[in-house]
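Below: the structure, in structure tokens.
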Amino acid sequence: MTALLERGGRRGRRPRGRPLLHTSYKQDMALLDTPGKRRWLSALLVIAVLAPFMLTDDILQLLAVGFVASIGAIGLNIVTGYAGQISLGHAFFLAIGAYTAAAVSGDPDGKVIGFGVTSILVWLPLAGLAAALAGVIVAPLATRLRGLYLAIVTLGLVFLGEHIFKEWDSLTGGPGVGRPSAVPELFGIRLDEAGAYSKEQKLYLLMLVMLVLFAVLARNLMRSRVGRAFAAVRDRDIAAAIIGVDLRRYKLLAFAISSFYAGVAGALMYTVAGYFDPGSFNLLLSVQFIAMILIGGVATVSGSIMGAMFITLLPRITRELPGVLPFISSESKDTPNVFQVETVLYGLLIIIFLILEPRGLFGIWTRIRNYWKAWPFSY
Amino acid sequence: MTEFWQSVARGLGNGSIYALLALGFVIIYKSTRVVSFAQPAFMLAGAVLVTYLAAEVNFFLALVLSALAVALLALGVERVTVRPMVGKPVFVVAIITLGLDIVIRVIVNGFIGLDVRQVGDPWGLQTVNLLGVPVQQRYLAMLLTTALMVAALFAFFRYTRFGLAMRAAAFDQETALAQGVPVGAVFATSWAMAGGLAAVAGVLVGSGASVDQNLWIIALKALPAIILGGLDSLGGAVAGGLAVGLVESLVGTYQADLAPWLGQNFAVVSPYVLMLLVLLMKPYGLFGTPEVERV
């Protein structure tokens, strides 16, 4: 081992022909630590960038929403997966981000509050910061409460938030009415209006860039001192406190970062649809995000993305069901209909994944990868 | 003054429903250390079942039958989805129950459809004069039913052999197992009891009103109740439930005059505000056992 380290040296040059052999700490902690990851990720990125010029607009729109949901799911995974603080209040933080962004960029002469600053470079950070501030206010509860007590309190937060947003109709437009979402404008170009490229193509690329940015940020943060502190708090908070992790500080930080992600996701999420209603920030939205990280994989960034894409694409898949299974109706007044099947699938998938594959889609992926890595040997 | 006493009666009536639901949560929590988010679904199932049964048989018989049926359903659900997870982190099991809640509720909603259904209770909206205050009979019925069930439950835990076994398992599962307590049966029974309680609560909610797809929201108000009382205290659940009911009703009566800026439906969320306030002072609720950590 020492010989290897010496040969590899500080800079950690790999011996020729042994791409998987790590000879320095830096190599061990690298984001893309194997040639396989480097190759596949670059391929995936190239496909993702070329996709808007090959796919139809409705699929692009769906993918764009999936990317935004991924940002939100990464945020929830930071507080729940990495730092172990169960939060059912994600919908509340999404709402704060969405309303901050919509208010900052809204039409000053409109029916609802608006300040007319349409640049995405202004409202996106503001939305994140506003949500992070709300997270900081909630965090002291997390330092006093543990486990399921915290889960129930954050659930209460969703109900309080829903009430506030429904009543504050000068900001939100009120239930059943809603308000226009944030106006995405970058360097003077409106991204939600068709120009040289269609609206969907532009929004898709925006969301893709945002997702890559926030995913890399999260991965980097989680392999730093902060990430290790989060993991220590999750695994045993008392032990963490004894070895010198300041529980109050790191729980606060976890909630703040997670809420920042949620705020950004909330701000972007409705720019695709263009309109949103205060009733949409309910318990079901929180549960959907919980489902994303559980189905995708707890405490993994790529898992959050897989889970979010899966949950976002699920309605699209179930909508095809009536063609295959004729007893399922596509009319909402019949039983069973696709909407019911879709909701039941959320529930069933959560149950099945938790019982049979607790590591989620990420776990399935690791098993497939390890199988082919050793192929044709079993290990 | 009449307004005040009517409000109190309504609060205690609704509060006793929350108390029944909260008892279900606490019984499951004590035996398995899990908060079961499936209670709203069981409540809805009980109410819907009675709307169908009441057309065939007497209301009270329908109530008992539906409670038994939902208890059986809860038993089956526990066996299939929760038992395999024994020993896993409680958060995971809690989320499984959240998934269960969604699945069961959608299926039950299929039996409600878009119309509202009646449970066929004998009292409806009739009132009775109690010390000069007209009080709706249904609130008295709710309070009475709850009092009976709570008395029966406490007697069960205090005087029966299986009640003792359940208390032993709640205190220390492994030791209880070593002493010959069938811990698996305790889990199953606690789920069945919680299911039955939720079904009765659902029927009471539907009495004098109607059963529709939004009924389940009411069951979530038992969550502030159990947090108020402390997750592992049966007495706390009853006290918390009644307190939540009272606060909600009084806020509903007076808030529009005293603090209109809080918005129209503030009464609906007032239990959550109460919960937050209590938790800031007492993190384990009013009667809960503080967790002592051994390092």
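The backbone N, Cα and C atoms fix where each Cβ goes, and this holds for glycine too.
Heads up, TrEMBL stuff is auto-annotated, nobody curated it.
Here TrEMBL flags B:12-29, B:59-77, B:89-112, B:139-159, B:180-205, B:225-247, B:259-281 as transmembrane segment.
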Note = The answer for the transmembrane segment (B:59-77), taking Cβ pairs under 8 Å and residues 6+ beyond its ends, is 38, 42, 45-47, 49-50, 53, 100, 104, 119-122, 188, 191-200, 203
Ask   = Taking the transmembrane segment (B:225-247) as reference, which of B:12-29, B:89-112, B:139-159, B:180-205, B:259-281 has the most Cβ pairs under 8 angstroms?
value = B:12-29
Stretch with greatest number of CB pairs under 8 Å, the transmembrane segment (B:12-29) reference, B:89-112, B:139-159, B:180-205 candidates = B:180-205
Positions whose Cβ lies under 8 angstroms from the transmembrane segment (B:259-281), at least six residues beyond its ends = 221, 223-225, 227-228, 243-244, 247-249, 251-252
Positions on the same chain near the transmembrane segment (B:139-159), where near means CB under 8 A and six or more residues out = 9-10, 12-14, 16-17, 19-20, 23, 121, 123, 128, 130, 166-167, 193, 197, 200, 204, 207, 234, 238
